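Inspection log for the structure reproduced underneath, given as structure tokens.
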Amino acid sequence: MSAHSRRALSRRGFLGLGGGALLAGTLAGCLGSNTSGSRARDSRVVIGLSAAVTTLDPMNTTSVGTDLSVLSSVYSSLVTRRPDLSIGPDAAASWDRVEPTRWRFHLDERAAFADGTPLDADVVLWNVERLLDADNALRMTSNFPLLTGAEKVDAGTVDLVTSEPDADLLGALSFLYLLSPAWAESHTPATATMGSGPYEITRYSPGGIVELRARDDYWGTAPAVRHVTYRITPSEAARVSGLLSGELDLVAGLDPQDLDRLRTDRELTVHQLDTTRMAFIKLNTLTGPMRDLRVRQAVNHAVDKRAITESLLKGTVEPSPGQLLTADYAGYADGLSGYPYDPDRARELLREAGYGDGNRLHVELTVPTGQYVAGDLIVQAVAQQLSQVGIRADINSIPFTVYMQKYLVDQDMSDMQYITQAWPTLAAGGLYGLFVADSPYAYWDDAEFTDAVTEARTTEDTARRNELYATAARRAREQAPVLFLFPQPGIHAAAKDLEWRARPDDWVRPAEMSWKGAA
Amino acid sequence: MVRFVLRHLGLTLVAVWGALSAVFLVLHSSGNPAVMMAPVGADEDQIARLSHALGYDRPLAEQYVSFFGDVLRGDFPDSLTFQQSALHVVLERLPATLTLAGTALLIACVAAAAAGLWSGSREGGGARREWPMWLVFLAQSVPGFYIGVLLVWIFGVQLRWLPTSGSEGAGALLLPALTLACGVTPPLARVFRNSLRGELSRPYTRTGIALGMSRARVLRHAAHGSMLPTLTILGLEAGALLGGTVIIESVFSWPGVGQLVITALQNEDYPLVLADLTFLITAFVLVNLIVDLLYGLLDPRVRHASERS
């Protein structure tokens, strides 16, 4: 044995080694730390993402909060949804509807890819072909059910053609990011990027860090933030600690349970708003006790929605006024009110439906484990309140896959299930489409609702369309195919000096941010 | 020796195949990933098309045969979410996990040796002798994820000495490695302390002391004698260490294979789950193989016994 290893066996040696490692690591950590103040001077932002950016192919992902938010900085779409949720120009400077089923887009003459090739009509044609080719099995394709193809008018003008009038097309197009055909020939879009957007990716490891740098030769308005680092922090605790320690400048989609801690930190601004995702408990109106309207109305009266929003969701959202849509949807109808919390009325309705002391109503309430913000807690609160009016609700907590398999494929939904639903293009017809009779999502066969929605979807006249959607909303309120709850809260926290408007539709775009006081 | 290694390698393959088959069957009977991948509003036709394109509409037996055929050719199916070879994604994450597990193991060995030597070699009793074991006992009683969150709160949020998460720089490695080591150190320290005490009460120690050997020299012999049982525990704990990375990597956003398997499970990315587990299972079995081999090196009796049989 050498003298060196003999020493290593001594007690003091061991302790010294351990202490040395600790010290070295600590010093390294000190040198590596950074503050939002110095980042503001460098025009740099560090964003914590809840999930990895798994693919760089913008047509093969539908995750708005992660993949698409990053890719929207790198690629352009024809049109874009602005922070106020209106549709604005991007690669297309203007557009008009030349026929009910034909939209004409005039491309911005300046629009070009990072390698200098222009973004012209041929580029749009190629991208629409790629999207619609069933062999490509792209995940974005099902957002365009009515799109049949694109036609070139001239180099800077292109027509998109739909099989039926499609009021939803512009909203969908804000999700369609355009690749360069020549570049895509020789590169794999899943693992590399070359776009026409304001930023370029300078570093990407799947699941690890993603870094962006603002392009100097970007054809549009130059973004204020010049460098962006995305850190993948899957655990909520890590996101909160990252914010509190100043390592992260912005995290979107936080848990209401962490609000108190975040609000008391003077270095942070907390943004809270209703998302476009509605939470409710879906009722299976096709089989079992929920076929009876009185039972559906009884459960709506039995649950104190406000108590849940105040306690579990820390007052971040208001109970829904008996609506399936949130107020941000095109076609949202004002003037409805939710079912008031009235346990006596609930008991009365249950008695009328034939339930009582001798014949207690027994239902199954399913929730997917860990899938939705505070889902498990909300379901427990609901079950507890249902028991107050004499309904025994057995909670069945199952993995999301099994839940989706039962719900969608096997068509075997339980009596009640907790779910949140949104429609990315913010069209009433889209989200209502999940409730029309022939949809596998519906579990509700209602002719009046289905007719109103079906007619509205192809109605050109906005006033008439909104009237039809209002009819649908009233019908849903009255027939209660769900236990109405509340919009899912959007809780975002950012460094105090970072100017950013939180959006209800999950997009987090560095181009919409700037540091206060920075030039 | 060669036959010993070959037999163990053969068993390794059987163990990996068995474990993978079990995971494959459980995964594929729990649902169809196409249902999850299709965007909201997709109708049955669209789901069926996606399912067909991904091959999930084939009979389970056919999927099983084709999966293992691919694996045997070293050609893992593509990850559904990353859209590239699942094996490639796992291998890319591998260095991060090896660095973390290796550092944790090093910390654990050093800490266990220190605690074991202190408590095992002291005469008398009471707090002065036993305090390192109390510390170790405390570390074992508290769940790893809790220790992790606590360390982050103290060193990351309050003191701001170390980053709260991520993998940039040596500072980021320290907290997750310490946390991971907390779970592994206690059994190591306890076994080492007990065997050391046992060795110190054996006749050869007394003889050594009687002959006037220095205390350090006596301790060295006793420590060498205590290695064998400690190594057995080390082998077992190395497995636990790999399991621990799954949780600790998620707590600290450490981009390794442990965090990857959680993400893959959440996304129903079956090919990625299988590729990731192939690695984890193989690593577990291999570590135990190495420990078996080290036995032979450390204790001539084991070596001779296996040569005779």
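From the backbone N, Cα and C atoms, a Cβ is placed for every residue, glycine too.
The annotation domain 'ABC transporter type 1 GsiC-like N-terminal' is assigned in TrEMBL to B:1-98. Look at TrEMBL and you will find B:114-304 tagged as domain 'ABC transmembrane type-1'. Sequence annotations record features per position, and here TrEMBL assigns transmembrane segment to B:98-119, B:131-157, B:169-192, B:227-252, B:272-298.
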By DSSP, what is the split of the domain 'ABC transporter type 1 GsiC-like N-terminal' (B:1-98) into helix, strand and coil residues? 70 helix, 2 strand, 26 coil
With the greatest number of Cβ pairs under 8 Å to the transmembrane segment (B:169-192), the stretch among B:98-119, B:131-157, B:227-252, B:272-298 is B:98-119
By a Cβ-Cβ criterion of under 8 Å, what residues six or more beyond either terminus of the transmembrane segment (B:98-119) are in contact with it? 129-130, 132-133, 135-136, 173, 176-178, 180-181, 184-185, 188-190, 192-193, 196, 219, 223, 226, 230, 234, 237-238, 241-242, 244-245, 248-249, 254, 256
Please report, as numbers and ranges, the same-chain residues at least 6 past the borders of the transmembrane segment (B:131-157) whose CB is under 8 Å from any CB of it. 111-112, 114-115, 118-119, 163-165, 175-176, 178-180, 182-183, 185-187, 189-190, 193, 244, 247-248, 251-252
For the transmembrane segment (B:272-298), what are the same-chain contacts with Cβ under 8 Å, counting residues 6+ beyond its ends? 1, 4-5, 8-9, 11-12, 15-16, 19-20, 23-24, 27, 67, 71, 76, 79-82, 86-87, 89-90, 94, 227-228, 231-232, 234-236, 238-239, 242, 257-258, 260-261, 264-265, 306
